[in-house]
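Participant: Here's the feature list from Swiss-Prot:
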type     : residues              : note
SIGNAL   : 1-18                  : signal peptide
BINDING  : HIS27                 : Cu cation binding site
BINDING  : ASP37, ASP279, ASP283 : Ca(2+) 2 binding site
DISULFID : CYS99-CYS115          : disulfide bond
DISULFID : CYS114-CYS125         : disulfide bond
DISULFID : CYS148-CYS193         : disulfide bond
DISULFID : CYS192-CYS201         : disulfide bond
DOMAIN   : 211-403               : domain 'Albumin 2'
DISULFID : CYS224-CYS270         : disulfide bond
MOD_RES  : LYS229                : N6-succinyllysine
DISULFID : CYS269-CYS277         : disulfide bond
DISULFID : CYS289-CYS303         : disulfide bond
DISULFID : CYS384-CYS393         : disulfide bond
DISULFID : CYS416-CYS462         : disulfide bond
MOD_RES  : LYS460                : N6-succinyllysine
DISULFID : CYS485-CYS501         : disulfide bond
DISULFID : CYS500-CYS511         : disulfide bond
DISULFID : CYS582-CYS591         : disulfide bond
MOD_RES  : LYS588                : N6-succinyllysine
Amino acid sequence: MKWVTFISLLLLFSSAYSRGVTRREAHQSEIAHRFNDLGEEHFRGLVLVAFSQYLQQCPFEDHVKLVNEVTEFAKGCVADQSAANCEKSLHELLGDKLCTVASLRDKYGEMADCCEKKEPERNECFLQHKDDNPGFGQLVTPEADAMCTAFHENEQRFLGKYLYEIARRHPYFYAPELLYYAEEYKGVFTECCEAADKAACLTPKVDALREKVLASSAKERLKCASLQKFGERAFKAWSVARLSQKFPKAEFAEISKLVTDLAKIHKECCHGDLLECADDRADLAKYICENQDSISTKLKECCGKPVLEKSHCISEVERDELPADLPPLAVDFVEDKEVCKNYQEAKDVFLGTFLYEYSRRHPEYSVSLLLRLAKEYEATLEKCCATDDPPACYAHVFDEFKPLVEEPHNLVKTNCELFEKLGEYGFQNALLVRYTKKVPQVSTPTLVEVSRSLGKVGSKCCTHPEAERLSCAEDYLSVVLNRLCVLHEKTPVSERVTKCCTESLVNRRPCFSALQVDETYVPKEFSAETFTFHADLCTLPEAEKQIKKQSALVELLKHKPKATEEQLKTVMGDFGSFVDKCCAAEDKEACFAEEGPKLVAAAQAALA
């Protein structure tokens, strides 16, 4: 290995090192500094997001009042940095403002106790009370004309309400990215409110944006969980693999610098430091664009855009081409007689280099798989470097990777075939059965939500070319399973889920895949309520109808976990016919009341 490069790699693991997002000199007034850097519009948006993510139950108007007060205070500090309280940290200033909310105790209960603490404990306390499942339901889009009227009457309020509604539903949303989506939202309404058919223009665009927003939220939640539960090292390893795939022409020293900056930025956003996070993200985009020649040939178009679009574009940019004539991996990591010496002198650096070199050569692998391979390589070196003949011991380490690569390949192949055979709804139901049998203690709404999300892997990834399927599918599954882990952590009910969620971030998906039917589960009593429905079912949107049916399927399995596929098919078929019949009846409610008990009796007989 080239030792000049090796020494430069040490900088990756020195948390103080960073040329782009540097630790700035202390400013007399932090809030004035951030206001000047970000500008009033972005400052206001970020403060609104911060308050909405902490105080998720408060009405929009209350947040607007707080934002106005903080903004006016910041302007005062810009005019005179030595004015009263301008020297306070952002946590102190925003925390003090949160604690002035009169309804804090009534709305948030013990969260009000946080206000008795001093910083930094107070902010940590607020973070612990963020609710990943606040129960507000999906954002309902009002009628197109009403939306356009509201947009034209007060654009700033309209977009502020959008930021508020997303932020309070997603308390870990990546704040600068949410400002970007608000700009996109504005663009949709600017265009569609001038269209002849406003609804025809708005509906598909708003739906497409909603999907992007939900995906963005889930990805950032995984990053925050990675930092919070597994530490900075885990996040940096993930980032090394991802950026090495995306920027394979960049030197490792460059990748290491970007990774260090990214870790700082995401730590700030996950920690509620949204002004610092957005400011540092803008600095990183600036650095990347100034140094694009040494990073990627694909960045030129991104770098001509305004700051929010620029950062988003860089995060989504296509992979660069692999450099020609890369030496075989084995040269530095198997055949070199100094492998153990290099490893033992700087373990994380040596493994970081391995991960970089392996990832840039394998854009078709998922990040999770690359990290599992690095873990296997580390375990092999730990074992072999303690033997009398290390080179002989680790000579075939790359052969040991084969089962680790084949397992997700086979899983994706099998599940894509099942998806192609059953379609998305049928595939979701197959996963629902699979996961309810594995972890029946998990609540029915969570099992339905997670299985529906897992089922979307088919339409998201199985339609991709073969070379892209694995990366797409496994990285998507990591994001969805993190949602299960986050919800389960709040109300833990299954030791199996806790074990898979907490033992290893990179092995979460294989851990869940390997779970068998839980033989220790004591079945629930049969409840007629499971099949008690009313006429309102008929007017529900298709997705909500599916959720009702899928909830019934889960409850059936919790009652009869050993039910065969044939039995389930019979009962769910009867259920479908029952719904169709009553929704077509003249007196729907009477039909549901009369036919419901018959369905219950038939279901009990079928499952007996």
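Cβ atoms here come from the backbone N, Cα and C positions, even for glycine.
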Participant: Can you figure out which of HIS27, ASP37, ASP279, ASP283 (the binding-site residues) comes closest in space to CYS582 (disulfide bond), comparing Cα atoms?
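Facilitator: Comparing Cα positions, the candidate nearest CYS582 (disulfide bond) turns out to be ASP279.
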Participant: About how far apart, in whole Å, are the alpha carbons (Cα) of CYS115 (disulfide bond) and ASP283 (Ca(2+) 2 binding site)?
Facilitator: 33
Participant: Rank aside, I only need the closest one: which of the binding-site residues HIS27, ASP37, ASP279 has its C-alpha nearest to that of CYS303 (disulfide bond)?
Facilitator: ASP279
Participant: Quick one: among the binding-site residues ASP37, ASP279, ASP283, which has the most Cβ atoms sitting within 10 Å of its own Cβ?
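Facilitator: For the binding-site residues ASP37, ASP279, ASP283, the Cβ with the most other Cβ atoms within 10 Å is ASP279.
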Participant: Going by Cα-Cα distance, pick out whichever of the recorded positions CYS125, CYS384, LYS588 is nearest to the residue listed as 'Cu cation binding site'.
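Facilitator: Going through CYS125, CYS384, LYS588 one by one, the closest to the residue listed as 'Cu cation binding site' is CYS125.
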Participant: Using CB atoms and a 10 A radius, I'd like the single residue among the disulfide-bonded residues CYS125, CYS148, CYS277, CYS416 with the highest neighbour count.
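Facilitator: Ranked by Cβ atoms within 10 Å, first place goes to CYS277.
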Participant: Roughly how many Å separate the Cα of CYS193 (disulfide bond) from that of ASP283 (Ca(2+) 2 binding site), to the nearest whole number?
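Facilitator: Cα to Cα, CYS193 (disulfide bond) and ASP283 (Ca(2+) 2 binding site) are separated by 35 Å.
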Participant: Consider the binding-site residues ASP37, ASP279, ASP283 and say which one has the Cα lying nearest the Cα of CYS125 (disulfide bond).
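Facilitator: Looking at Cα distances from CYS125 (disulfide bond), the smallest one goes to ASP279.
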Participant: At the Cα level, what's the spacing in Å between CYS393 (disulfide bond) and ASP37 (Ca(2+) 2 binding site), rounded?
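Facilitator: For CYS393 (disulfide bond) versus ASP37 (Ca(2+) 2 binding site), the Cα atoms are 55 Å apart.
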Participant: Quick one: which residues besides ASP37, ASP279, ASP283 have a Cβ within 8 Å of the Ca(2+) 2 site's Cβ centroid, in sequence order?
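Facilitator: After dropping the recorded site residues, what remains is ARG34, LEU38, GLU276, ALA278, ASP280, ARG281, ALA282.
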Participant: If one looks at the chain holding CYS462 (disulfide bond), which residues at least 6 apart in sequence have a CB under 8 angstroms from its CB?
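Facilitator: Result: ASN415, CYS416, PHE419, GLU420, ARG469, ALA473.
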Participant: Same chain only, sequence gap of 6 or more: which residues have a CB within under 8 Å of the CB of CYS289 (disulfide bond)?
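Facilitator: In sequence order, LEU299, CYS302, CYS303, LYS310 meet the Cβ cut-off.
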Participant: If H, G and I count as helix, E and B as strand, and all else as coil, what does DSSP give for CYS148 (disulfide bond)?
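Facilitator: It is helical.
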